[in-house]
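Record features, source TrEMBL:
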TRANSMEM  63-86  transmembrane segment
TRANSMEM  98-118  transmembrane segment
TRANSMEM  125-142  transmembrane segment
TRANSMEM  148-171  transmembrane segment
Amino acid sequence: MPDEADGLDPTVDAVLWLTDAARSTPPPGLLARIDASVQRHGDRPDRAGLPCRPGRPGRLMTVVALALAGAFLFQATGNLVAGRWISDGIGEPYAPHAMFEMSLALLAAAVCAAAAAVRRAWGGLSVLTCTPLALSLGLHGVGELGQFAAGAALHTVEGALGVTLLGVWWWQWRDTRRRSREGGP
């Protein structure tokens, strides 16, 4: 190397000169916006795909929980409004008292399902109460396929949403435990 006495390599000098020449100083306004954003979000490292607040459920859990609550609410309303039509469709006698009580139970299940969309900690409650009901309705709906298509479709959707709710809850629970073991937020 020709300039080894000085301790400098001309190739390194050329590379350093090129990198310095390619850099531009960012405008002060941009630096101020970046500093403000870092100050605002400094306590939260990369949280892509996670809820904006630690206690909030993720978007997928919110969507699935609200969809299941909507399906339960739809069935409860249908039992109240069109109970006679449903009874005729499945070939059973109409029992207004039983339809009313079933609607109240489905409204309670809808509230439990919607709870998972409000707080992350309530996801377990939602899974424990709604997944068995949704799965049993889904399996019961298979028997209605050739008899009452509307009921079969509704019960199949409820069953699929129950399985999805369980899967999303497990996925979020697993990720929460992994982050806590790794020292993350």
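The backbone N, Cα and C atoms fix where each Cβ goes, and this holds for glycine too.
Whatever TrEMBL says is automated annotation, not expert-curated.
Beyond the transmembrane segment (125-142), the same-chain residues lying 6 or more positions past its ends with a Cβ under 8 Å from any Cβ of the stretch are 65, 68, 71-72, 75, 109, 112-116, 151-156, 158-163, 165-166, 169. Long-range contacts of the transmembrane segment (63-86) within its own chain (CB-CB distance under 8 A, at least 6 residues past either end) are made by residues 57, 94, 96, 99-100, 102-104, 106-107, 109-111, 113-117, 123, 126, 130, 134, 137, 148, 151, 154, 157-158, 161-162, 164-165, 168.
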